[in-house]
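*Asks:* Swiss-Prot lists these features:
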- K184, K642: substrate binding site (BINDING)
- D187, D191: Mg(2+) 1 binding site (BINDING)
- D608, D635, D639: Ca(2+) binding site (BINDING)
- 3-23: transmembrane segment (TRANSMEM)
- 60-80: transmembrane segment (TRANSMEM)
- 81-101: transmembrane segment (TRANSMEM)
- 130-150: transmembrane segment (TRANSMEM)
- 154-174: transmembrane segment (TRANSMEM)
- 229-249: transmembrane segment (TRANSMEM)
- 317-337: transmembrane segment (TRANSMEM)
- 365-385: transmembrane segment (TRANSMEM)
- 392-412: transmembrane segment (TRANSMEM)
- 559-579: transmembrane segment (TRANSMEM)
- 581-601: transmembrane segment (TRANSMEM)
- 651-671: transmembrane segment (TRANSMEM)
Amino acid sequence: MDLLTQVMYIGIAVGIISLLAAFYYAKKVEHYQINIPKVEEITAAIREGAMAFLAAEYKILIVFVIVVAVALGIFISVPTAGAFILGAITSAIAGNAGMRIATKANGRTAIAAKEGGLAKALNVAFSGGAVMGLTVVGLGMFMLSLILLVSRTVGISVNDVTGFGMGASSIALFARVGGGIYTKAADVGADLVGKVEAGIPEDDPRNPATIADNVGDNVGDVAGMGADLFESYVGSIIATITLAFLLPVDDATPYVAAPLLISAFGIISSIIATLTVKTDDGSKVHAKLEMGTRIAGILTIIASFGIIKYLGLDMGIFYAIVAGLVAGLVIAYFTGVYTDTGRRAVNRVSDAAGTGAATAIIEGLAIGMESTVAPLIVIAIAIIISFKTGGLYGISIAAVGMLATTGMVVAVDAYGPVADNAGGIAEMSELPPEVRETTDKLDAVGNSTAAVGKGFAIGSAALTALSLFAAYKEAVDKLTSEALVIDVTDPEVIAGLFIGGMLTFLFSALTMTAVGKAAIEMVEEVRRQFREFPGIMDRTQKPDYKRCVEISTHSSLKQMILPGVLAIIVPVIIGLWSVKALGGLLAGALVTGVLMAIMMANAGGAWDNGKKQIEGGYKGDKKGSDRHKAAVVGDTVGDPFKDTSGPSLNILIKLMSIVSLVLVPLFVKFM
């Protein structure tokens with residue numbers, strides 16, 4: 001058995017280990033019983049709404065997957081079409097599994113908070129997040145290794161494997177856009193009518209949109225985020241393997257083996273790190289989660305050093321891996337600087353809210369723009385270091401390094417919406433106030449980890465898209481026997497740059513408009529219920545929660561189609577015209593997409609935590625004050641920024657890159 005075959009078997013084995021670890025955490029969650037009927041009723045309603053959304057979304061996506069697979073089979077190859085279908089199915093399974101456990105963990109976290117305080121509640125919420133994290137990387141590693149093994153056995157080209165990444169990317173985009181529209185339509189509707197107009201607290205059971213709001217936390221922040229990082233994870237490995245086979249070396253085997261082994265040991269590191277996240281007295285929750293992430297990173301660096309030595313590769317490759325990993329941690333740190341409660345940036349938003357909503361919005365936008373500086377410098381330094389030490393392959397392996405700890409990052413990130421849901425369930429079930437106080441502490445940490453997760457997703461998207469772009473260039477070079485030169489003085493390249501730069505803004509406009517349209521429907525429905533059922537406010541009548549869930553589901557699925565199709569159609573049209581123009585388009589979209597994504601994510605995070613800071617008594621103000629009402633408006637503007645448009649841009653730049661890579665054989669025929 002040769003080295004590469006051994007590595008693929010290792011990948012399959014580690015993937016299975018990761019899935020078994022996810023199963024262990026799922027059983028930990030299920031160990032806690034929901035013994036309060038009201039909690040069980042609300043948990044079941046949230047689960048039913050979340051799974052109904054996924055079922056409706058997948059019905060639409062099945063048609064899309066079949067159409068694209070047939071086109072790939074006709075114009076590229078049948079194996080590419082098969083890999084595309086497998087990528088789509090695997091991404092859907094990962095999202096479905098994460099959603100199922102998250103909608104079990106939420107009610108159990110509320111019960112744990114009531115019976116065991118912060119320590120037990122953290123245990124349940126984090127276990128729910130760990131299931132998502134370890135499922136994402138376990139499925140990714142298992143399926144990718146299996147496909148590579150089968151392709152070697154039957155003699156299929158590695159280029160066909162890129163279809164797997166395209167399938168994962170396609171599902172990820174629709175999951176992010178659809179989930180993002182759903183969650184923010186419900187959130188904006190619940191906030192504007194409930195908090196601002198009716199003056200009732202967040203998650204109050206009298207608010208008709210409150211169940212839809214809690215369903216949205218799962219479809220957007222669990223399934224959507226998991227699909228996003230799943231796509232980055234497999235995309236970075238595929239890009240690196242593609243580049244490895246195109247390297248001018250006698251034996252590409254160690255270069256192909258490196259990303260698989262590094263990712264496999266990253267999974268082991270993540271599993272070990274998840275075991276360290278526990279607290280006996282409920283103190284220092286944020287510190288425990290941060291420590292777990294750092295442990296995963298340190299273990300991965302140590303393992304990577306051994307792997308590079310074992311494979312006999314140049315140490316420059318190791319330095320590129322470290323550059324990627326460190327860049328991920330530094331970007332996460334700077335995200336916290338601009339979005340954490342108590343930090344200067346968030347204080348600026350809270351202060352600005354004192355003079356009204358307009359000044360709060362202006363300050364948030366300024367913070368978002370300012371927050372792009374440090375992450376972009378970090379990404380630029382990581383790119384330069386990795387290129388100097390390993391060439392284009394170095395940039396790709398840096399992306400693999402950054403994403404090696406995805407299991408732990410997703411676990412920490414997915415814990416947030418579980419904790420948020422637990423607070424909502426506690427409020428709606430009218431559990432004792434101290435239960436809500438406990439879940440609020442977890443949720444406050446969850447907001448910070450979610451912001452950090454978004455920063456990580458953006459940074460990893462930048463490196464993954466760049467590595468896919470490099471693979472695209474090398475693939476064109478190989479098929480045309482001449483170097484593809486992306487010269488900025490070439491009119492075709494300039495045209496592509498402008499179109500790519502514009503796509504970011506068009507895509508953001510479409511997703512923001514979609515949230516606005518869906519939110520208007522939600523606001524009108526909530527107002528109608530308050531108007532026609534006056535007994536809701538004095539609790540003598542029950543709101544129609546199901547109607548609000550139906551509105552969010554229908555609107556989000558209808559509005560997600562155009563942005564999703566746009567991301568695939570535009571690179572195809574430009575690529576058929578000119579491979580140089582397509583190169584320019586990918587470069588233009590990469591630059592503007594990363595900048596816009598960071599700005600939107602951090603502005604939204606600052607508005608969100610600025611509002612929460614006021615709710616905690618900032619400068620003597622509290623819920624219902626003029627300062628708080630202004631901050632709620634800012635947070636409402638920030639909701640589609642940080643949870644719909646911003647995160648969707650990550651996938652836009654990656655999907656266009658991998659579509660371009662997969663379709664290179666078609667494009668060169670038209671040159």
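Glycine is treated like the rest: Cβ placed from N, Cα and C.
Mind running through what each feature is packed against?
*Replies:* Shown in sequence order, G216, G220, V515, A518, A519, D639, P640, D643, T644 are the residues of the chain, 6+ apart in sequence, with a C-beta less than 8 angstroms from the C-beta of K184 (substrate binding site).
On its own chain, D187 (Mg(2+) 1 binding site) has D213, G216, T636, D639, D643 as residues at least 6 apart in sequence with a Cβ closer than 8 Å to its own Cβ.
Secondary structure from DSSP puts D608 (Ca(2+) binding site) in a helix. Long-range Cβ proximity for D608 (Ca(2+) binding site), meaning a same-chain Cβ under 8 A and a gap of 6 or more residues, is found for T339, N447, D635, G638, D639, K642.
Among residues of the same chain six or more beyond the transmembrane segment (3-23), those with a C-beta under 8 A of the stretch's C-beta atoms are 97, 130-131, 133-135, 137-146, 148-149, 152, 253-254, 256-257, 260-261, 263-265, 267-268, 270-271, 274, 407.
Below 8 angstroms of C-beta separation, residues 60, 64, 68, 170, 173-174, 177-178, 181, 476, 484, 492, 496, 499, 503, 506-507, 510-511, 514, 517-518, 585-586, 648, 651-652, 655-656, 659-660, 663-664, 666-668, 670-671 of the same chain, each at least six residues beyond the ends of the transmembrane segment (559-579), sit close to that stretch.
Among residues of the same chain six or more beyond the transmembrane segment (651-671), those with a C-beta under 8 A of the stretch's C-beta atoms are 72, 75-76, 80, 84, 159, 162-163, 165-166, 169-170, 172-173, 176, 228, 231-232, 235, 238-239, 242, 461-462, 464-465, 468-469, 471-472, 475-476, 479-480, 503-504, 507, 567-568, 570-572, 575-577, 579, 582, 585-586, 589-590, 593-594.
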*Asks:* Should the transmembrane segment (581-601) and the transmembrane segment (60-80) be scored as in contact, given a threshold of at least 3 Cβ pairs under 8 Å and pairs 6 or more apart?
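*Replies:* The transmembrane segment (60-80) and the transmembrane segment (581-601): touching, no.
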*Asks:* Are there any residues in the same chain, six or more apart in sequence, whose C-beta is under 8 angstroms from the C-beta of D191 (Mg(2+) 1 binding site), and if so which?
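*Replies:* D191 (Mg(2+) 1 binding site) has long-range Cβ partners E202, V632, D635, T636, D639.
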*Asks:* Checking distant contacts: for the transmembrane segment (229-249), what same-chain residues at least six beyond its ends satisfy Cβ-Cβ under 8 A?
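*Replies:* Answer is 87, 90-91, 94, 136-137, 139-140, 143-144, 148, 158-159, 161-162, 164-165, 168-169, 171-172, 255-256, 258-260, 263, 392-393, 396-397, 399-400, 402-403, 406, 409-410, 457, 460-461, 463-464, 467-468, 470-471, 474-475, 477-478, 650-651, 654-655, 658, 661.
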*Asks:* Just how many other Cβ atoms lie inside 10 Å of the Cβ on D635 (Ca(2+) binding site)?
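*Replies:* Summing over all protein chains shown, D635 (Ca(2+) binding site) has 27 other Cβ atoms within 10 Å.
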*Asks:* So if I exclude everything within five residues of the ends of the transmembrane segment (130-150), which remaining residues of that chain have a CB under 8 angstroms from its CBs? That is, six or more out.
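*Replies:* 5, 8-12, 14-19, 21-22, 25-26, 29, 83, 86-87, 90, 93-94, 97-98, 101-102, 105, 156, 158, 161, 164, 168, 222, 226, 229-230, 233-234, 237-238, 241, 260, 263-264, 266-267, 270-271, 274, 406-414.
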*Asks:* Can you name the far-off residues of the same chain, 6+ from the ends of the transmembrane segment (392-412), with a Cβ under 8 Å from a Cβ of it?
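*Replies:* Distant Cβ neighbours of the transmembrane segment (392-412) are 18, 126, 129-130, 132-134, 136-138, 225-226, 229, 232-233, 236-237, 239-240, 243-244, 247, 255, 258-259, 262-263, 265-267, 269-271, 273-274, 277, 289, 292-293, 296-297, 300, 304, 316-317, 320-325, 327-328, 382-383, 385-386, 449, 452-453, 456, 459-460, 463-464, 466-467, 470-471, 473-474.
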*Asks:* If you count CB neighbours within 10 Å, which one among the binding-site residues D639, K642 has the smallest count?
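*Replies:* With the binding-site residues D639, K642, fewest surrounding Cβ atoms within 10 Å: D639.
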